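Everything below concerns the one structure shown next.
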């Protein structure tokens, strides 16, 4: 194990890039290898067993890239597969649900938290369970927003349609009196301006992915595997099971890295 | 190892209570055992070797209380002893410097971070080193504020004298253009209103202790030792090597727990 090995990130598509952007900001010495399973996106409506299998496919791909840590940068995959994968691998593996839950508990003042995510994530009740295990007195209101992922994957996340879908879905929270809303899907931070605009400034938005990176940083330090070499700019690598062109467009725009030269891979 | 065992917190005096308050808020199921070495406070001006020995005294006291994790809730002690203690113990041990450093890197937008702490902490350059190992491009300005701890330990932290001392010391940052200031001593959050008032709202204050608790939460989950039993209110225990009366006063006021029944212990 060398501290210069990459950290592996995986997602059902481009959503995990919101986590990678934060990783590049908070951990500029760390090399990123990313796999987005765009060809089989979205994961949200799929049965848990299938999501688990797909998550193993991505895990095995990242292990073959010789990563030192794996981040399941996808809430649906975290809910379905984190526990099993963490137990089976020797390298640290972390998901996005517990970091998002902790951040929400830290942020709420009125003890009323909202959670939005895919059908898979919301059906698993993974956020509500995680929040209640730590803080039983908190009220959690959860809502599946199945159309959000498609808006992002189709690069429609700034459109008037997106604005309407966000408003229609989030009106569910109008009478819930939440002061904190967990974006429990790594695609959702791309919709953040629309979401914040609709719920208002008095609601704190929790970006589970950004929180996860702080905790990645902690594990790197705890296990003494952080890369302290800042003399060489890390060479990141991006892979998708889908069409690299659309992936490159969204990623280039979101990460502001110019052309990423994303590679296509098949499982 | 049982998940219902307590988490041990230690500090040179009452400062670590700022971490405990956050622990009680974020981790309401967890039992706290606290030791404050008030009789030998302050640690800041002491040689590192002596601070290390005192930190071992507190560690051994906490181990005898059968804790499942140790939080060195004191920056001076973290800088002097964390590495050695973490290496020697089988239970997880965490300090406050890395969590504070990570939070500062996450918060800064202009890449200029200020750090205040005791002489021991600032002389060790532990924050500057930790920040630079992760993010070499950040400018760090550090200042020892030796009088701050005494203001807190003597329960003078709301006085006009405190206001003047804070203003005199922090004027050092007037031309540093920082947008983030790390309170690199767990006593300092008690002075937070005075500090925030002096530096202005445009500067984000980082409470290393509060950040540490989020990371304690993470380690509890990672090692699967969080207490998920929320049916029984945890019975906390507080110990001081000094006079329990003053400790009780500050702690009762700060933690709003009423009479803590702090016990005196000698090393």
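Keep in mind that glycine also has a Cβ here, set from the backbone N, Cα and C atoms.
Not measured: the values here are computed from a predicted model.
The active site, proton donor/acceptor annotation in TrEMBL covers B:74, B:185. Taken from TrEMBL, the feature substrate binding site covers B:11, B:12, B:43, B:44, B:75, B:76, B:186, B:187.
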Note down the number of other Cβ atoms within 10 Å of the Cβ of residue B:75 (substrate binding site), including every protein chain shown.
36
How many angstrom lie between the most widely spaced Cα atoms of the substrate binders B:11, B:12, B:43, B:44, B:75, B:76, B:186, B:187?
12
Specify the count of other C-beta atoms within 10 Å of the C-beta of residue B:187 (substrate binding site).
31
Could you name the residues, excluding B:11, B:12, B:43, B:44, B:75, B:76, B:186, B:187, of the same chain that surround the substrate site, i.e. Cβ within 8 Å of the Cβ centre of those residues, in sequence order?
B:13, B:15, B:16, B:41, B:42, B:74, B:77, B:118, B:120, B:121, B:149, B:185
Please list, in sequence order, the residues in the chain of residue B:43 (substrate binding site) that are at least six apart in sequence and whose C-beta is under 8 Å away from its C-beta.
B:12, B:37, B:51, B:54, B:74, B:76, B:77, B:118, B:120
Round to a whole number and give the Cα-to-Cα distance in Å for the pair residue B:11 (substrate binding site) and residue B:185 (active site, proton donor/acceptor).
10
What three-state class does DSSP give residue B:186 (substrate binding site)?
coil
Could you check what DSSP calls residue B:11 (substrate binding site) once collapsed to helix, strand or coil?
strand
Taking the Cβ of residue B:185 (active site, proton donor/acceptor) as the reference point, list residues of the same chain whose Cβ is under 8 angstroms away and which are at least six residues distant in sequence.
B:15, B:44, B:74, B:75, B:76, B:116, B:117, B:118, B:121, B:145, B:148, B:149
Reduce the DSSP letter at residue B:74 (active site, proton donor/acceptor) to three states and note it down.
coil
Residues with Cβ closer than 8 Å to the Cβ of residue B:186 (substrate binding site), same chain and 6+ apart in sequence?
B:11, B:15, B:16, B:17, B:18, B:19, B:73, B:74, B:75, B:96, B:208, B:209
